[in-house]
Structure formats: C-alpha cells, structure tokens
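A.B. asks: Here it is: the structure, laid out below.
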There are 2 protein chains.
Amino acid sequence: MSETREQILEEIKIQATKSSCSIALQDNTNNKSDNNKTDNNDTDDRGGVSGGVGCAIKHRHLELEKIDEEVSRLLLLKSKLGDEVSQMQKFILKTPKGTRDYAPRQMMLRQTVLDKIVAVFKKHGGEAIDTPVFELKEVLTGKYGEDSKLIYDLKDQGGEMLSLRYDLTVPLARYLAMNKISNIKRYHIAKVYRRDNPAMTRGRYREFYQCDFDIAGAYDAMLSDSECVKIVSEILDVLHIGDYIIKLNHRQLLDGMFEACGVPADKFRSICSAVDKLDKSTWLEVRKEMIEEKGLSPETADKIGEYVQLSGDNELIEKLLADEQLKNIPVAVKGLEDMQLLLKYCNIMGLNGKIIFDLSLARGLDYYTGVIYECVLKAEPKILNGCNEQQDIIGSVAGGGRYDNLVGMFDAKGKKVPCVGVSIGVERIFSVLEAKYAAAGIKQRTNEIEVMVISAHKGLHEKRLSILNVLWNQGIKAEHFYKLNPKLLNQLQYCEENQIPLAVVVGDSELAKGMVKLREISTRKEEDVLLTNLPDEIRKRLQC
Amino acid sequence: MSETREQILEEIKIQATKSSCSIALQDNTNNKSDNNKTDNNDTDDRGGVSGGVGCAIKHRHLELEKIDEEVSRLLLLKSKLGDEVSQMQKFILKTPKGTRDYAPRQMMLRQTVLDKIVAVFKKHGGEAIDTPVFELKEVLTGKYGEDSKLIYDLKDQGGEMLSLRYDLTVPLARYLAMNKISNIKRYHIAKVYRRDNPAMTRGRYREFYQCDFDIAGAYDAMLSDSECVKIVSEILDVLHIGDYIIKLNHRQLLDGMFEACGVPADKFRSICSAVDKLDKSTWLEVRKEMIEEKGLSPETADKIGEYVQLSGDNELIEKLLADEQLKNIPVAVKGLEDMQLLLKYCNIMGLNGKIIFDLSLARGLDYYTGVIYECVLKAEPKILNGCNEQQDIIGSVAGGGRYDNLVGMFDAKGKKVPCVGVSIGVERIFSVLEAKYAAAGIKQRTNEIEVMVISAHKGLHEKRLSILNVLWNQGIKAEHFYKLNPKLLNQLQYCEENQIPLAVVVGDSELAKGMVKLREISTRKEEDVLLTNLPDEIRKRLQC
C-alpha cells in the first residue's frame with residue numbers, strides 16, 4: 001500500500017513538472033473550486049492585459065485547457081491519495097488477522113492460571129526452557145504433515161529461511177538433539193503460530209499460548225507416562241474449572257487393531273486421522289470418509305467401528321487381550337499390556353473415576369508412538385450458554401502422548417530420546433474461566449494496589465510523595481493521583497471503583513500532630529495513625 | 001535446499017527409468033564396488049550364455065557401457081544427495097542467527113530477576129498487557145528512522161504485510177489509540193526482534209527480552225516522570241547488581257541549547273543523535289561528526305561542546321537558567337524548569353546521590369519529547385574481567401523518557417495521549433548476574449524438588465508411587481527415578497548432585513511398621529517417620 005502511495009506521489013510530481021504552470025497543492029480537499037476560481041481570475045487578468053491578438057488568445061486558451069486538464073488530473077490523484085491515507089489509518093488500528101491484544105483484566109486471569117499450572121509443573125520437578133520464536137524452516141519441514149501449509153514464513157533477508165514455531169514439541173526435540181540431552185523434565189509456556197482460518201468467536205486464534213510439560217529419557221514402561229496423566233489431573237483440580245475425564249489410548253493398540261481389521265499398513269496414519277474425528281463427527285460420517293475417501297472396504301470399516309465404540313477400564317483390556325483378532329498381533333498385545341500398567345499406576349495415584357480407556361481416541365499428530373491421552377471438560381450448561389445442551393462435552397483442555405522417534409529425526413546418527421508429554425489447552429481454559437467469572441458477576445482487579453495516598457486539600461503533593469516513598473520502601477503497593485491538587489471526592493471514588501482496600505488521607509491538621517487518617521474504603525471507617533507507625537498499621541489491616 | 005533434494009531424487013527416478021536395466025538403490029554408502037561387482041557378474045553370466053554372435057556381443061557391450069555410465073551417474077547423484085542430507089542435518093542443529101535457546105539454569109535466573117522487577121511494577125500499580133509478536137507493517141513504518149531496515153518482515157501469505165515487533169513502545173501506542181485508552185500504568189515483558197549484526201559475545205542478540213513500564217495520561221508536570229526514575233532505582237536496588245547512577249536530561253532543553261548554539265532547527269534530531277554517541281565516543285570524535293558529516297560550523301560545534309560536558313545538580317540548573325544564551329529561549333527555560341521540579345521530586349523520594357543532571361545524555365530514539373533518563377551501572381572490575389578497567393562504566397541497564405506525540409500518530413484525529421516510560425535492560429542485567437554468580441561459584445538449582453522418594457531395595461515402585469501421590473496431593477515437590485528398581489547409591493548421589501534437601505527412603509522393614517526413613521541429604525541424618533505423619537515431618541524440616 002505504501003508503494004501505491006509513493007507511486008501516486010511520484011505521478012503528482014511528474015504531472016506538476018510537465019504542467020505549463022506551477023500549481024500549488026493545497027492541504028484541504030475543498031480546494032477544487034478555489035483552484036479553478038484562482039485560475040480563472042488569473043486568466044481574466046492576463047486576458048485583459050494582453051487582449052486583442054487572436055492567435056495569442058487561442059494559444060492562451062489552449063494553455064488554459066491544458067492547465068484545467070492537469071488540475072483535474074492532479075486533484076483526482078490527490079483524492080486517491082487521500083483515500084489511501086484514510087484507508088491506511090483505518091487499516092493501522094487493528095492487530096493482524098487472527099491475533100489480539102491481551103488487556104490487563106485478561107492478563108491478570110492468565111497470570112493467575114499460569115502460576116497455578118507452573119506450580120504443578122514444579123511440584124513434579126519441571127524445569128523451564130525457552131527457544132526462539134522462529135526456527136530454521138528446515139527444522140519444521142516434514143513434521144506436521146498436511147498442516148505444514150499453516151506455517152508462517154519470514155521473508156528471506158539475506159541468508160536463512162525462517163519460520164515461526166508451530167508448536168513447542170518440535171523445538172524441544174531440536175533442542176534435545178542439538179544439546180545431546182537425554183534426560184529432562186521441562187516445561188515451556190510460549191506463543192505458537194498457525195495460519196489457520198481463525199474462528200475467533202470460538203476462541204481459535206492464529207497466535208496462541210501453548211503450555212507444555214514433557215519428560216524425556218529412556219525409562220521403565222508407563223512410569224513417566226502415568227505421571228503426565230497425574231499432572232493433567234492435578235492442574236484441572238487446582239483450576240476448579242469443572243468436571244473432567246481423561247481419555248487414554250495407545251497408538252500401538254490402534255495400529256494392531258487396524259491390522260486386525262485388515263487395513264493396509266500404509267493407511268494406518270490416514271485411518272487414524274479419520275478415527276480422530278469421532279469427537280466431532282458421528283461414526284456414520286467417519287465410516288463414509290473411511291470408505292469413500294480413504295478407500296477401505298465397508299467390512300473393514302465396520303470392524304473398526306466395532307472397536308472404536310468401546311471404552312471402559314481394566315475389564316475391557318482383559319476382554320481385548322482375549323480377543324481372537326487381536327491376541328495374535330504383537331503390537332496390539334504390547335499396547336494392551338502398556339494400558340494395563342498405565343491404568344494400574346493411575347489408580348495408585350488416585351485417578352480412578354477420572355480416567356477412561358477409550359478406543360476412539362486417536363490424536364491428530366503423526367509423531368505419537370505409544371500412550372495417547374486427552375482431557376475433556378464436561379460442560380456446565382448454565383455457564384456456557386452458547387453451547388448445545390445436548391452435547392455434554394465442551395472439548396479438549398489437555399492432550400498429549402508418547403513420541404519416541406521425534407528427537408532422533410534431528411540427530412545425525414538418529415539417536416533416539418524417548419519422550420512423553422502433555423500440552424495444557426490454556427486458551428480454552430482462559431475462555432471457560434472468563435465466561436465463568438462473567439456469569440458469576442466477578443470483577444477481577446487489574447492491579448494490586450493496597451493503599452491510595454490522598455490529599456484532603458490543596459498544596460500537599462510533596463507530602464504525598466514523601467509518604468509514598470516510605471510505603472514503597474517498605475514494600476507496600478501504593479499510588480496517588482498524578483495531580484497537584486486532586487479533588488478529595490474523585491480520589492475516594494477512584495478507590496471504591498478500583499477496589500483499593502485502604503486510603504491514607506493527608507491533611508494539615510493531622511500532619512501538625514505527625515499523623516494521617518487511615519481509611520478503610522469498604523467500611524469508610526477512618527482512624528488517625530502516627531506517620532511513624534503507618535506501614536505497620538497498614539500491614540495489620542491488610543492481613544485481616 | 002529441500003527442493004534441490006527433490007530435484008535430485010526426481011532426476012534419479014528419470015535416470016532409472018531411462019536406464020536399460022533396473023538398478024536397485026541401496027541404503028549404505030559403500031555400495032559402489034558392490035554394485036559394480038554385481039553388474040559385472042551379471043554381465044559375465046549373460047556373456048557366457050549368449051557368446052559367439054559378434055553383433056549380439058557388440059550390442060551387449062554397448063548396452064553394458066550404457067549401464068555403467070548410468071550407474072556412475074546415479075551414484076554421483078546419490079552421493080550429492082547424501083551430502084545434501086548430511087549438510088542439512090548439520091544445518092538444522094542450530095538456532096537462527098542471532099538467537100539462542102535458554103537452558104533451565106538461565107531460565108531460573110531470568111525468572112528470579114523478572115519476578116523481582118514485576119514486584120516493583122506492581123508496587124506502583126502496574127497492569128500487564130500483551131500484544132501480538134507481529135504487527136501490520138504500517139504500524140512500525142516511520143517510527144524508527146534509519147533503524148527501520150532492521151525490522152523482520154514476514155512473507156506475504158495472501159493479505160496482510162506483517163513485521164515482527166521492534167520494541168514494545170510502538171505496540172503500546174497502537175494499543176492505546178486503538179482502544180481509546182487515555183490513562184494506564186502498564187508493564188509489558190516480551191521478546192522483540194532486530195535484524196542487527198549480532199554481537200553475541202557482548203550479549204547482543206536479534207531476539208531479546210524487553211521489560212517496559214509506562215505511564216500514560218495527561219497529568220501535572222513531573223509527577224509521573226519522577227515515579228519512573230524511582231522505579232528504576234528500586235529495581236536496581238532489589239537486584240543487588242552493583243552501584244549505579246541515573247542520568248537525567250530533557251529533550252526540550254537540548255533543543256533550546258542547540259538553538260542557542262546556532263544549529264538549524266532541521267538538524268536538531270541528527271545533532272541529538274551525534275550527542276547520543278558521547279557515552280561511547282570522545283567529544284573530539286563527536287565534534288568531527290557534527291562538522292564533517294552533519295555540516296555544523298566549528299564554532300557551533302564548540303558551543304555545543306561546552307554545554308554537553310556539563311553535569312551536576314540543582315546548582316547547575318540555576319546557572320543555566322541565568323545563562324545569557326539560554327534564558328531567552330522558551331523551550332530551554334521550559335526544559336530547565338521541568339528539570340528543577342524533577343530533581344526536587346526525586347530528592348523527596350530519596351534518590352539524591354543516585355541521580356545526576358547530565359547534558360550529554362541525548363537518547364537515540366526520535367520520539368522523546370521531554371524528560372529522558374538512562375541508568376548506568378558502575379563496573380565491578382573483579383567481576384567483569386573482560387572489561388577495560390580504565391572504563392568505570394559498563395553500560396546502560398535502563399533508559400526511557402517522555403514521548404507525548406507517539407499515540408497521536410495512530411489516532412485518526414491525532415488525539416494525543418502523553419506518555420512517559422522506562423525500559424529495563426534485562427538482557428544486560430542477566431549477563432551481569434550470570435557473570436557474578438559464575439565468579440562467586442554459585443551453582444543455582446534448576447528445579448525446586450524438595451523430596452526424592454527412594455527405593456531401598458527391589459520391588460517397591462508401586463509403594464513409591466503411592467507415597468508420591470500423598471506428597472503431591474499435599475503440595476510437596478517430589479520426584480522419583482522412573483525405574484522399577486533403581487540402585488540405592490544412584491538415587492542418593494542424584495539427591496546430592498541436585499541439591500535436593502530430603503529423601504524418603506522406602507524399605508520393607510520400615511513399611512512393616514507403617515514407617516519410612518526420612519533422610520536429610522546434606523547431613524545424611526536419617527530418622528524413622530510414620531507414613532501418616534510424613535507430610536508434616538517434611539514440612540517441619542523444610543522450614544528450618
């Protein structure tokens with residue numbers, strides 16, 4: 001757009017140079033008639049002076065026509081330029097498509113939620129890392145299948161081809177391989193970028209936070225996997241966000257089941273993607289996709305259909321271990337044995353009632369190789385009024401699984417570092433909590449000010465500053481109006497509107513006694529307090 | 001690069017199709033001789049079978065030659081492809097130029113520092129906001145002068161032209177104008193992007209954190225400005241990073257001074273940039289730039305030279321207010337009066353000895369319109385051994401100033417929102433503290449685990465899980481080895497190496513009495529504790 005503007009400006013310059021008279025470009029847009037009038041007057045004057053010579057007049061007229069032509073041409077260009085400018089100004093006052101600013105109220109909620117999540121991560125020994133927001137394009141290439149088209153690329157600016165990170169898992173794998181780290185429990189909270197069609201009303205953005213915890217290392221089966229499930233449960237509990245269920249499944253069991261049903265091996269991943277849609281589509285829709293798009297026979301699809309509608313607990317595992325079709329397929333048996341162990345460990349950690357073995361769980365990403373899980377929130381219809389009440393699940397708030405081969409893709413010798421991890425769907429959690437607070441009429445504060453220092457009358461701003469200085473040095477959160485002489489009422493109203501608990505009211509009569517009034521905003525109770533005792537008196541009241 | 005690889009693969013396919021015999025491409029790189037051998041054997045066999053017919057032999061020989069030619073061609077292509085792959089693997093294992101990962105140890109330090117800084121921001125009523133990592137390109141255009149070339153652009157992906165943010169101030173101005181906010185105290189900690197030549201050894205990166213606090217609103221003079229200076233001082237104090245001094249100056253005073261010295265108004269900003277270099281260059285170098293590059297007369301430059309070498313306190317302000325050249329220039333007087341008020345307020349807030357009025361301070365950015373300040377750390381030569389000991393200043397760790405016109409640039413009607421703010425140079429602070437800790441031999445922990453749950457012998461992993469479950473549910477930070485039967489010694493060593501304060505040692509003999517051993521790692525003292533009392537006993541020991 002700026003080029004277009006420059007082009008127009010350039011053309012104006014050229015036209016102005018070509019034009020046989022110099023025309024001043026004026027600033028306002030109402031100058032068309034003015035210009036014409038000026039030109040006409042000018043012409044009349046000149047005509048009057050030089051009149052009588054036909055040829056000269058004709059020449060003059062031609063000249064005038066040319067000038068008028070140039071004038072209207074320039075004015076047209078100018079109005080175009082004006083449109084451009086005003087369009088640009090409209091254009092500027094937005095964030096890029098699919099992105100948004102976070103206002104203080106949202107940030108406060110976010111920070112509260114993230115603090116609670118990080119506390120859980122730390123309880124389990126999590127260490128933080130951070131990686132650049134962009135990676136070499138090659139790092140991301142070939143990791144996300146079809147979704148690669150959603151990656152944001154940067155302009156080549158002389159050298160490297162860079163892309164914005166699409167998730168935090170691939171950068172972790174790159175980090176582990178690059179630094180030859182084979183054991184870590186790391187968490188990472190950062191924004192990721194997907195050039196998806198944003199459905200912002202449904203809380204889907206192109207820039208959004210991910211919040212991941214992963215355990216890397218070659219360990220005994222299911223010990224780290226089950227701890228990830230425990231972490232999800234602890235986080236959901238501490239957020240008081242509502243009832244939830246954690247679905248568990250196993251990629252090797254899925255593969256074994258596909259094999260048992262007669263799916264060719266090269267279609268395992270694409271059939272897996274189809275199964276993954278069962279949380280949003282009916283079995284009939286998924287079946288149709290399997291047959292018409294993915295080329296399965298109706299018999300094969302129906303066999304799959306029987307399995308993926310199963311869910312349960314250890315009893316189901318026992319049943320499947322005895323299943324004639326599955327029991328001879330080693331990967332299926334391996335998956336089922338893992339699941340058996342996983343359920344046992346989860347139950348030891350008090351997760352019974354919160355987990356379910358669900359054969360319809362598939363997870364979209366290609367890179368999972370073992371256990372997969374997904375935590376879904378059960379809706380509270382009174383809160384989520386935009387939601388279909390028939391549907392008692394409002395969607396996934398956490399998910400993850402085991403991916404044993406991803407790090408090896410970055411290692412020169414292909415050395416594998418087995419990993420299992422979980423991603424907390426913080427954006428959805430934020431939305432749910434925002435809706436919950438809004439419904440409950442809870443107005444969260446956006447700052448943490450404890451004391452407002454107030455002038456009772458004029459001429460006290462320096463005294464306010466000196467009191468504030470004492471409070472700040474004592475670690476008390478305090479502020480004042482940045483005005484020399486603010487009105488007492490305005491200051492008190494501000495405290496009430498902003499839920500500030502206390503006010504120090506400074507006035508000459510109290511100051512003469514070395515005192516100030518300490519006011520409790522909610523009760524409007526005031527008490528004279530010695531300046532020397534002020535910080536202690538404030539702390540005493542804040543503790544109540 | 002991936003395209004080149006695809007091209008090569010494509011050519012291999014074409015060649016293989018053209019080739020009169022089908023050649024299997026093998027996986028290992030030692031297959032050249034094998035291939036040749038196989039081909040030769042094959043040829044010998046065929047030759048033996050069909051021998052005696054001259055024409056056929058000749059034809060066969062031609063065919064053989066062709067095959068050999070194709071084989072060596074294919075092998076050449078294959079080795080190219082191999083180079084590509086291994087080059088790509090080397091290439092992948094890095095972060096983009098000028099960027100880096102943050103390892104857990106660095107993140108721990110960063111988080112500690114940022115928590116302290118945020119606590120100061122909150123003490124002054126700061127509210128957090130966040131903005132997208134990229135902005136519409138137009139938002140950044142024309143805000144950074146010459147430095148605009150350092151902005152990272154994204155590829156146009158059908159629609160908007162986007163650029164990564166260059167600082168947090170322009171996004172704030174866009175946010176305020178877009179949301180018609182005229183009063184806020186906001187802080188924002190986030191990464192910004194500058195395609196500068198990275199001098200990573202000196203701690204300069206293309207991706208780095210900024211940490212800003214700004215006060216927007218039309219207030220009485222110097223009240224919010226002085227609070228920003230107070231905030232800088234509080235932050236430097238709480239970080240215990242060493243002695244510092246906050247330099248103060250005023251853009252209007254600089255302009256007035258330039259006017260008094262005879263600098264043409266259109267050169268104010270470029271001369272200001274020259275003055276800004278005085279922290280790194282000598283006056284003679286800056287003088288040369290002013291005369292030779294910026295076209296000032298030597299007399300004008302020398303007059304400036306006299307002023308910019310002045311620094312002091314209120315006495316200097318009094319002297320300048322009486323200065324024959326300055327006292328008739330309204331902006332100079334306005335600047336000096338502001339400075340007078342600023343120094344007064346700063347002194348009320350206990351900043352005397354930490355601030356200095358310094359006429360050489362200019363600040364690079366164009367948008368400042370009033371007070372400017374910069375905090376420099378005085379070096380501690382024993383710590384910063386890379387530093388020239390002659391030079392007793394190690395550089396700026398905070399800076400800022402007043403910018404009253406920036407928000408207006410985004411408002412359709414040009415409505416101004418006066419702002420003053422400060423940016424804490426957290427990257428430099430991190431570097432200084434890292435060097436300090438390294439010099440002092442302080443090894444910071446990277447996680448916060450309080451208790452390791454340990455198996456004394458085999459077969460106890462389920463018992464460990466059940467004890468961990470109790471500890472986690474009680475909010476105690478605990479972990480175990482993800483092994484069924486880890487060795488006791490390994491587990492104890494791990495605790496010592498990782499500075500874990502306590503271990504719960506699980507063994508059958510204690511379990512039989514409903515007890516475990518609680519071990520203090522540093523003293524190796526052990527005590528039998530009832531399982532039912534375990535969380536309380538742990539908390540008791542952690543509080544010591």
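Every residue, even glycine, has its Cβ placed from backbone N, Cα and C.
Quick paste from TrEMBL:
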REGION    B:25-48  region 'Disordered'
COMPBIAS  B:34-47  compositional bias 'Basic and acidic residues'
DOMAIN    B:98-486  domain 'Aminoacyl-transfer RNA synthetases class-II family profile'
BINDING   B:ASP167, B:LEU168, B:THR169, B:ARG194, B:GLN210, B:ASP214, B:ARG363, B:TYR367, B:TYR368  L-histidine binding site
A.B. asks: When you look at B:ASP167, B:LEU168, B:THR169, B:ARG194, B:GLN210, B:ASP214, B:ARG363, B:TYR367, B:TYR368, which the record names as binding L-histidine, what is the longest CA to CA distance in angstrom?
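C.D. replies: This binding site's residues have a maximal Cα-Cα distance of 21 Å.
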A.B. asks: In which DSSP state, out of helix, strand and coil, do we find B:TYR368 (L-histidine binding site)?
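C.D. replies: The residue in question, B:TYR368 (L-histidine binding site), is coil (DSSP, three-state).
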A.B. asks: Among all chains shown, work out which of the binding-site residues B:THR169, B:GLN210 has the most CB atoms within 10 A of its CB.
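C.D. replies: Per the Cβ count, the most surrounded site is B:THR169.
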A.B. asks: With H, G and I counted as helix, E and B as strand and the rest as coil, say where DSSP puts B:ARG363 (L-histidine binding site).
C.D. replies: coil
A.B. asks: Using DSSP and collapsing to three states, where does B:THR169 (L-histidine binding site) fall: helix, strand or coil?
C.D. replies: helix
A.B. asks: Sequence gap of 6 or more, Cβ distance under 8 Å: name the residues on the same chain that satisfy this around B:ARG363 (L-histidine binding site), in order along the sequence.
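C.D. replies: Correct list: B:ARG251, B:ASP276, B:ILE372, B:GLU374, B:GLY399, B:GLY401.
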A.B. asks: Which chain-mates of B:TYR368 (L-histidine binding site) that are at least 6 residues away have a CB under 8 A from its CB, listed by sequence?
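C.D. replies: Listed in sequence order, they are B:ARG251, B:GLY401, B:ARG402, B:TYR403.
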A.B. asks: Could you please provide the mean pLDDT value for the domain 'Aminoacyl-transfer RNA synthetases class-II family profile' (B:98-486)?
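C.D. replies: Mean pLDDT, the domain 'Aminoacyl-transfer RNA synthetases class-II family profile' (B:98-486): 92.
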A.B. asks: Taking 10 A as the limit, how many CB atoms besides its own sit near the CB of B:ASP167 (L-histidine binding site)?
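C.D. replies: A 10 Å sphere around the Cβ of B:ASP167 (L-histidine binding site) contains 19 other Cβ atoms.
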A.B. asks: Give the three-state DSSP assignment (helix, strand or coil) for B:GLN210 (L-histidine binding site).
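C.D. replies: Strand, per DSSP.
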